[in-house]
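Asks: Okay, so Swiss-Prot annotates it like this:
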- Asp40, Asp59, Lys61, Glu107, Asp128: GTP binding site (BINDING)
Amino acid sequence: MNKAIPVLKLPVDFRLSLSIPQGDLYVSPDRGLVYGLRADAAVGDIVSKNHMVEMRITDAKTKRHTVDVGPGECDVLVVNPQGTISINSFTSSLIGGARSICVVGEEDLLVIPFTLVRGFKIIYGQPDVGVVISSPSRERVLKILKGLKPDIVIMNL
């Protein structure tokens, strides 16, 4: 069934700037996985599994391919189309006590509402490079947020 999802969409010209690590980049000496870092929340399936965090935001995908990272619990389920931040995702960032947020769609940009609303230190994967720990200033997050464009995305759910 098709559903209209209100979102803030990432313009194409923003994609390059946000693909650059937005914090401290950690790379393992052998270019393998990085383990054991601490942050308030992790965005991404592999990162969520390998680091110590209070909250996990996952979508059962890595590099756009479905992955099985073991049994997962979902305190909150959100719908978030690729390249967007849905209003549903913003609402989920306000929920206290949630330890696991499962995303139908893509979780990549959800770093933004969780750092803005909760001031979280976030850890996320930098594909084929390493792991980034980010705790940007509120001003930096608001600047990124202002660049997103309101839109409606039709998603088959």
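Keep in mind that glycine also has a Cβ here, set from the backbone N, Cα and C atoms.
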Asks: Measuring CB to CB from Asp40 (GTP binding site), give everything in the same chain under 8 Å that is also at least six residues away in sequence.
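Replies: Within the chain, Asp40 (GTP binding site) has Cβ neighbours under 8 Å at Val53, Glu54, Met55, Arg118, Phe120, Lys121, Ile122.
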Asks: Around the C-beta of Asp59 (GTP binding site), how many further C-beta atoms are within 10 angstroms, looking at every protein chain?
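Replies: So the number of other Cβ atoms within 10 Å of Asp59 (GTP binding site) is 23.
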Asks: Taking the residues the record says bind GTP (Asp40, Asp59, Lys61, Glu107, Asp128), how far apart in Å are the two Cα atoms that sit farthest from each other?
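Replies: Max span of the GTP binding residues, Cα based, is 23 Å.
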Asks: Could you work out which of the binding-site residues (Glu107, Asp128) has its C-beta surrounded by the smallest number of other C-beta atoms within 10 A?
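Replies: Minimum Cβ neighbour count within 10 Å, taken over the binding-site residues Glu107, Asp128, occurs at Asp128.
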Asks: Have a look around Lys61 (GTP binding site) and count the other CB atoms within 10 A of its CB, chains all included.
Replies: 17
Asks: According to DSSP, does Asp59 (GTP binding site) fall in a helix, a strand, or coil?
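Replies: Its secondary structure by DSSP: coil.
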